[in-house]
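What TrEMBL says about this protein:
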DOMAIN    276-529  domain 'G-protein coupled receptors family 2 profile 2'
TRANSMEM  285-304  transmembrane segment
TRANSMEM  316-334  transmembrane segment
TRANSMEM  354-375  transmembrane segment
TRANSMEM  396-416  transmembrane segment
TRANSMEM  436-459  transmembrane segment
TRANSMEM  486-504  transmembrane segment
TRANSMEM  550-568  transmembrane segment
REGION    620-685  region 'Disordered'
COMPBIAS  674-685  compositional bias 'Low complexity'
Amino acid sequence: MISSSPRQSIMKKNILMLISATVFDVARILRTDSAAPKYQAIDLGATCQIYKGDLPDQPLCNGFLSNPSMLTSQLCITQKFKSITILTNYNLEDSIYINSTSTQESIQQFGLFVRSNLMIIGTDSCKVPSTFAFICAYLFPECIEYPDPNNSSRILALQQPACFDDCSETADVCGVGGLLPCSSSITYNNLTYPRFPTNATLYDLTPYGGSANYLVNCLDTSQIGSNSTVQKCDQPLIYYNSSDRQRDEDLGYQFTYGNSTCVVACPAPIYEYKIWKNLYTLSDILSILSMFLILFLIVTYGLINPKIKRFDKINLALMTSIFFHAFSGALQAFNGSEKTLCPEPNRFASHTDGVCVASAFILHVASLYVVQWWAVMSFEVLWAIREVGKGRKDPWWFYVVGTSIIAWVPPIASIVNNNYRGGAPNTFCWLSTHTYQVGAFWVPMGIFLGLGGLFMLGLMREIYIIISANLGATQRTRLDILKLEIKPILSLVMYFSILLYLFIYDQWIQAHKDEYKAEIPDWVNCLTNPQVVDKTTCVIGGPPIASLGYFIYCIRVFGIYAFLIYGISKKTVSIWKHNYIVLVISKKLEQMSLASTTQVTNSGVTGSTGFVSGASVVSESTQSQNPFPSAPTGRRNSNDSFSISHSDSDSDDIEMGTTFVEVHHLPQEEQESSDNQPDQQQSSD
């Protein structure tokens, strides 16, 4: 017996496989309904084309189209199953079906839209190769070319649609049953046929010299692209596989939809990233600048001020509140604003992030202190002008205790209930729920803002009365007090304008919140729009950037305003000018300057060796007869004895007395002469 060659063995094996496949196809057809077959229409303008490939940075069907080089078997069977014809050797080389009304480009655009929607709303079980293989089979069905034997110039393009089971599975897994028309039918040229056949589809090729029942099996997409890598989320969304959705949302992950595994990137797409960077920079610069400027005022009016009066204490309390208000922003800036608000690229700061919580807590406490001490100052200025000469008990400790209770209780309740976090529309960490924002902040803020506003109206009334009335003795006194209170009044007006804007802005945002939420579908449309290549330009839309920028400015500018009012003043200069440390440093500098001058003078009068003796005699004689003259008292320089007196009637109410600093001893007669002259160097505001 002669053994068969390896080639013959392979051929036998292929024939057996082909017969098995044919028997399977016949059995499947015989199990179908005996009703008249539903023929699929033939689009004479359709073509089989080579897939052009995915667009740059827009993955779609590369790797998810069926193997184009397989040898397929097709079964042709008559309606009554009397004859069976097996057609083989149809090469599907890079062949996709394009109908007469579409192009690859237009189908690609639609496919990218579908894919982007699945990326946003799909779960992990949806984002698998079989899903995208089905989508690509739906968009670009496999194509079979059939040459018309009656017309050599005509080649028919027949599509091989995806199977109904694959469509149903995709719809169930991705939860898009209402969007994916698995059971729908198509009507074309008076023929109605299923979009996704259960087993196979039939073509009537008799007009083109072919079989009346040309059968094409549906395409099983379950194994296509099984080794391909599927991108879980499209930019700017970020993939996050959550094991506990509720816990992760509490930690600051914001998921796009239902059970989706895509989260929104931080900072939120309300503005483009470069705009967020500019807002962070604005907040950082203003916070740090305000903190150092207000610290200078605290040192000036609190530490080195020789006499602190009642109004100074109230002003210092307000300045200290402003310092911690600015410090909260500086703390965030030193840690990095973006890092504080976005600890991870896919997560917003929550109650578990220490710097965020600390800055929010400090800001909350300081803000309540600021508005309360501002209201206290408004009342005190009004009392000083209206009740001239009336004495009363100093309510300082009442103010301290009352403001502290109101400033500390709401923030403590907020931090205990984990209510501080970095929200999507903010450039700082703050209260996360509307209930706490209203109850723990805006209610006390509104109350004291209203009280301070009433005091301001009373103050304006008193100013009008003083200006319009005839100046009697009492009115003249009130006018003098009014002049002294110009700076406090100016600061009250500036602070009031800032606080009022913050209050109005927040209420305006709350009133328009639904409008901003209504723009989310437009953002999704932008993300799914294949015409938009750079998805980072897609934004939800929020408050006008100018209004948010001014909101940030108002929050961080308190310290700068305080410095402009109190820091650039004669009183500040006077306090530093008479400070002991400054005077000691000035004395040291003067002594160093005098020593340097003396050394230069001595070196100038020293000649060569032959004239040293004569020069010494002349120098000694000159010094004995003409002592170093002293300038008149009113114009003495820094090397002379001088006196500084501060008027007790200064507008800033600083009683420094007269301070003498002895720098250089003068001859007896010069000192007696200078003592008889009045001091002419005074400081006033």
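Heads up, the Cβ atoms here are built off N, Cα and C, so glycines get one too.
TrEMBL: automatically predicted annotations, no manual curation.
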Intrachain residues whose Cβ lies under 8 Å of the transmembrane segment (285-304), provided they are six or more past its termini: 312, 315-316, 319-320, 322-323, 325-330, 332-333, 552-553, 556-560, 562-563, 566-567, 572, 575-576, 579, 581
Predicted model, mean pLDDT over the domain 'G-protein coupled receptors family 2 profile 2' (276-529): 89
Stretch of maximal Cβ-Cβ contact with the transmembrane segment (316-334) [cut-off: under 8 Å; candidates 354-375, 486-504, 550-568]: 354-375
For the transmembrane segment (550-568), sequence-distant contacts whose Cβ falls under 8 Å of one of its Cβ atoms, 6 or more beyond its ends: 279, 282-283, 286-287, 289-294, 296-297, 300-301, 315, 318-319, 322-323, 325-326, 329, 370, 427-428, 487, 490-491, 494-495, 498, 501-502, 505
